[in-house]
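Asker: Just lifted these from TrEMBL, have a look:
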DOMAIN    4-327  domain 'FAD/NAD(P)-binding'
DISULFID  Cys42-Cys47  disulfide bond
BINDING   Gly180, Gly181, Gly182, Val183, Ile184, Gly185, Leu186, Glu187, Glu203, Gly271  NAD(+) binding site
DOMAIN    346-455  domain 'Pyridine nucleotide-disulphide oxidoreductase dimerisation'
ACT_SITE  His444  active site, proton acceptor
Amino acid sequence: MKSYDVAVIGSGPGGYVAAIRCAQLGMKTAIIEKYSTLGGTCLNVGCIPSKALLSSSHHYEEATKHFEEHGIEIPGDIKVNLEKMIGRKQAVVDQTTGGIDFLMKKNKIDVFEGLGSFVDATHIKIEGKDAQEIEAKKIIIATGSKPSTLPFITLDKERVITSTEALKLKEIPKHLIIIGGGVIGLELGQVYRRLGAEVTVIEYMDRILPTMDAGLSKELNKVFKKAKCKMMLSHKVQSVERKGDEVIVKAENKKGEVVEFKGDYCLVSVGRKPYTAGLNAEAAGVKLNDRGQVEVNEHLQTNVSNIYAIGDVIKGAMLAHKAEEEGVFVAETMAGQKPHIDYNLIPGVVYTWPEVAAVGKTEEELKADNVEYKVGQFPFRALGRARASGDIDGFVKILADKKTDEVLGVHMIGARCADLIAEAVTAMEFRASAEDISRMSHAHPTFAEAVKEAALAATDDRALHV
Ligand code: FAD
Ligand code: NAD
């Protein structure tokens, strides 16, 4: 029987990063993945394919709607070849997952293909291509998550679908009904709206992206409405029924009226749930909580001292970079180091256009905590760079402590915000004040100038260009 210092179950961004860091720290490491490709949800059916389709559909929208204003004329019709677009997405996925194979080899990590299940706290049975039992002194559970649904919905995966199917449709829906105005619903909704589908978003709460700062929800809602998406807020879905090629969704509005929607596809994007099926966690004595998450302490250690858990299968935001941080954290903890993760500083990004990004506390959270704060906001339309490229929607908002000026939260919506948020994370990691940011030189003309201007506005209302 092969024996390891560490075995990682699951090869998503949590698992494969943990494996690499363990190997870097000198541990003999194995990784077990039930699918034939590495990379988990993120690389195969999550972050990477969704961003590939967002990019392709963005190009299409630019070509059909904005090239003309730049003086670019294309003779004849511009058409979408969906098969080719999905094919390109798959090529990007294949290249990216292939890159993980390379990283495993480079770091001398043994890869086992098959379902891993606990025999006891130090033995894992692998069923599948590389069937065998292995032994490991320490084990990291990184089994991720799966889409969740509503109890009355039958996901047939043809017309009533999750994000996984939405990433490989064979036709552009005529009318895509989306249940859940969260990250997946909005990203994939925008993809298909750009490609020509009618899109209706049905959201239970009174705003989309309900966990983000309300200012961002409001601004993105405007963008979706401008693109003629139907935004049905405060609607509680009651039933989803498929009749042939038609899907009928009924939802109750605030007045108690039942509203009916008819479409040809329905995307269910109401969140994801931790995945531990087949893991046989009981055999090792590992406890799950009542939400199905693996229970961990502040060292990300389960109740069984040699077994750790990371990523979507434990509490916290279901984000690839959060899983990665935890992978590194656990590897370094096992090596006797004292790593640290500041969960308040894990940024959240929605890759719509304009992009939405945030880090730290929202205004709603600061109010609830009775923190006295000041606000500095700057609109992108006041920036030369934004006007030059034609991306004028959105703003940067900085929230700073009223007395100390320390930055407590940064919320932005606009072009390139997914990348701009890194400056805010760096600043907050070093506990910068708004004035610190405002006194740093920002290259001109850039979108990043909006961050400096918002910081000036937060410092003492002295933005220069509004
Ligand atoms: P996963 O990536 O889910 O990986 C777990 C792996 O474990 C899987 O490969 C699974 O097959 C394997 N596994 C499970 N059980 C076993 C077992 N018993 N034996 C062997 N293998 C097993 N996050 C972002 O930060 N940015 C984004 O832009 C983003 N976009 C997304 C878009 C979509 C459509 C979706 C669905 C998700 C997106 N996410 C995004 C979320 C992100 O994908 C997850 O947070 C991330 O993948 C979690 O990583 P993980 O390692 O915890 O688990
Ligand atoms: P989500 O939690 O972002 O959004 C779910 C939405 O569905 C919420 O707005 C919620 O209020 C709504 N909802 C819940 N029940 C409902 C009901 N009965 N009727 C109508 N609406 C209802 O979940 P998601 O969009 O499915 O994404 C799952 C996870 O994947 C998220 O945790 C997210 O972090 C991750 N993800 C991240 C990215 C990114 O980082 N860009 C992209 C995609 C997914």
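Heads up, residue numbers simply count up from 1 along the chain you see.
Backbone N, Cα and C define each Cβ position, glycine as well.
Note that TrEMBL annotation is computational and uncurated.
These figures come from a predicted structure and were not determined experimentally.
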Asker: Taking just the CA atoms, what is the gap between Gly180 (NAD(+) binding site) and the residue listed as 'active site, proton acceptor' in Å?
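Answerer: Between the Cα atoms of Gly180 (NAD(+) binding site) and the residue listed as 'active site, proton acceptor', the distance comes to 39 Å.
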Asker: Going by DSSP, is Gly180 (NAD(+) binding site) part of a helix, a strand, or coil?
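Answerer: Coil, per DSSP.
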Asker: Between Cys42 (disulfide bond) and the residue listed as 'active site, proton acceptor', find the distance joining the two CA atoms and give it rounded to the nearest Å.
Answerer: 35
Asker: Helix, strand, coil residue numbers for the domain 'Pyridine nucleotide-disulphide oxidoreductase dimerisation' (346-455) per DSSP?
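Answerer: Tallying H, G and I as helix, E and B as strand, the rest coil: 40 helix, 33 strand, 37 coil.
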Asker: Translate the DSSP assignment of Glu203 (NAD(+) binding site) into the three-state scheme.
Answerer: coil
Asker: Using the recorded NAD(+) site (Gly180, Gly181, Gly182, Val183, Ile184, Gly185, Leu186, Glu187, Glu203, Gly271) as reference, state which further residues of the same chain have their Cβ within 8 Å of the centre of those residues' Cβ atoms, listed in sequence order.
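Answerer: Other same-chain residues near the NAD(+) site: Ile178, Gly189, Val201, Ile208, Leu209, Ser269, Val270.
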Asker: Relative to ligand 2, which of the recorded positions Cys42, Gly182, Leu186, Glu203, His444 have a Cβ found under 6 Å from one of its atoms?
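Answerer: Only Gly182, Glu203 qualify.
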Asker: Tally every other Cβ atom lying within 10 Å of the Cβ atom of Cys47 (disulfide bond).
Answerer: 21
Asker: Are there residues of the same chain, six or more positions away from Leu186 (NAD(+) binding site), whose CB falls under 8 angstroms from its CB, and which are they?
Answerer: Val201, Ile208, Leu209, Leu220, Phe224, Val350, Thr352
